[in-house]
């Protein structure tokens, strides 16, 4: 299994180095749900601004303030503790008057707005996130500038970031130990983290092997293609290859890679053979996913940061702004720009 730091670079290994997150204000994330509150219903959507506290801690504090069980407060995704983040929490308060949430105060957290909503906010139910990052002590400015131009055109590999695998790869190591034993794992959080790490590592390995190919973004017979921004996909045939390639080149379609698990992977013929060969040495992790009935899925092979723009504050400091769809990692963009001082594992997804 290829370690995250050794995964193939689309634009070659960066020449420069720099600091990511010298302070929390250098990593700003604004959640984009893709919809507005309904204005009615038994739930309350609460938009918060936080710095120095993690999402679960704030959700539990909100539940305590509202005098409801912690499970009645949900969110679409975890946001980093050591960053400035805006996100939505959702509290189920059936039959209750609208509370005055301006009175909800904890250190490092502020309520920006709140409104009634009809449905629970579920994990993953967001459109994406807008990022503002500041990279400091950057060397080789010309190389970074050229890479920004290239990323704007060609994107980056859509790798799962190092934080998916835990500090020191602990989640992936846990998955491997589990795969090698028949002992049940009863801790639900560990099960979730370890299975997610296993499937993500296999996906990264498939993308890693494909990006090594000079023609990696050429449609192969049997590829599973996805409409940009959509979850559904279809299988490419040789007869359609020229037209499908045109649509891939125009970023209307995305070539996907497998998130292995039980059931059909989605690819056929040449594409399926390639994916199977890419992870042929990872039988233990594949067997674990089958044993635990984790359903196979697809994920775009490339990631195109949207609305990408940048501003050099001076020769060694650059501010980046971009938007990424849900499930994508800002650190997978940054790794194509600079070699960061430190690691990514402490940065929440």
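Yeah, the Cβs are placed from backbone N, Cα and C, and that goes for glycine too.
It should be emphasised that the depicted structure is a prediction, and the values quoted were computed from it without experimental measurement.
What Swiss-Prot says about this protein:
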- 27, 129, 329: substrate binding site (BINDING)
- 80: active site, nucleophile (ACT_SITE)
- 155-303: domain 'TRUD' (DOMAIN)
Recorded substrate binding residues, 27, 129, 329 - maximal Cα separation rounded to whole Å: 13
Across the domain 'TRUD' (155-303), average pLDDT on the 0 to 100 scale: 94
Alpha-carbon spacing, residue 80 (active site, nucleophile) to residue 27 (substrate binding site), which is rounded to whole Å: 9
Entry from the recorded positions list 80, 129 having the most other CB atoms no farther than 10 A: 129
Per-state residue totals over the domain 'TRUD' (155-303) - DSSP helix, strand, coil: 72 helix, 24 strand, 53 coil
Residue 329 (substrate binding site) CB neighbourhood, other CB atoms within 10 A: 21
Number of other Cβ atoms within 10 Å of the Cβ of residue 27 (substrate binding site) across all protein chains: 21
